[in-house]
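Since the structure comes first, as structure tokens, the remarks are kept for the end.
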Amino acid sequence: MSKKEQSGAAKAYLTLYNSAQTLSWTLILVKTLLYFQEKKCYKGAFENVEWELGIAQTAGFLEVVHCLVGLVRSNPFLTFIQILSRVVVYYGVLVIVPESRVQIGLPMLLVAWCIAEITRYLFYVLALYDACPPILIWCRYSFFLILYPTGVSGELLSMYSALPLIRKRSLLTVSLPNDFNWSFDYHWFMIFVMLTYIPGFPQMYGHMLKQRSKVLNPPKVKSQ
């Protein structure tokens, strides 16, 4: 296959992937907002989009593969960390601790995740064809100012609400003695994950601020 054909195949694949993710997150957002409007409460909101959310979040790991094989120019490690944090919240908190689904952190993270991902994936689709309108570019590099802190706060609130129950029920915890002679305390692991947000959030937020400045306020070329 020629380089041109490879480029065309990659473009077609990325168009399909990013379009599918855009539609998936749009579906999740619409279902979530309609549920909140109808029920006027958080209870049951997670179950309403549980499968769609799980598929969309897990499919995000394909982006790490995209980085590793050179389909996109992104740091595979940073991409992995960003996706992993959300997957941990989904599978490691919301799925295994039902009580964590009925606190304020759930709507915060759900709405923030959806809007951020819809904007991001739609931007990626149109960028493949150099067809991004200025308003979408602005949204891509401005919405995070509110969505990122909101989403992170929702994630931390969800993890915090789950901590006592994780400890009480010894969820995903391996105690000694056992045949493999090793132990794992999931309660302390979750505390460690929460602590990583202290250095991680400012670093990622600062990175996005730099990207925003670079894209929305590019340095002017001095005329000679």
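If you go along the chain as it appears here, the first residue is 1 and each next one adds 1.
Cβ from N, Cα, C; glycine included.
Copied from TrEMBL, the annotated features are:
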TRANSMEM  12-34  transmembrane segment
TRANSMEM  54-72  transmembrane segment
TRANSMEM  77-98  transmembrane segment
TRANSMEM  104-129  transmembrane segment
TRANSMEM  141-166  transmembrane segment
TRANSMEM  186-205  transmembrane segment
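For the transmembrane segment (104-129), the list of distant contacts is 11, 14-15, 18-19, 21-22, 25-26, 28-29, 32-33, 36, 42, 45-46, 49, 53, 56, 86, 89, 94, 136-137, 139-140, 143-144, 147-148, 150-151, 153-158, 160-161: same-chain residues at least six beyond its ends, Cβ to Cβ under 8 Å. Sequence-distant neighbours of the transmembrane segment (54-72) (same chain, 6+ residues past either end, Cβ-Cβ under 8 Å): 10, 13-14, 17, 20-21, 24-25, 28, 79-80, 83, 86-87, 90-91, 95, 117. Beyond its flanks by at least six residues, the transmembrane segment (12-34) meets 45, 48-49, 52-53, 55-56, 59-60, 62, 66, 71-72, 107, 110-111, 113-115, 117-118, 121-122, 124-125, 128 of its own chain at Cβ-Cβ distances under 8 Å.
Long-range contacts of the transmembrane segment (186-205) within its own chain (CB-CB distance under 8 A, at least 6 residues past either end) are made by residues 78, 81-82, 85, 88, 92-93, 144, 148-149, 152, 155-156, 159-160, 162-163, 166-167, 170-173.
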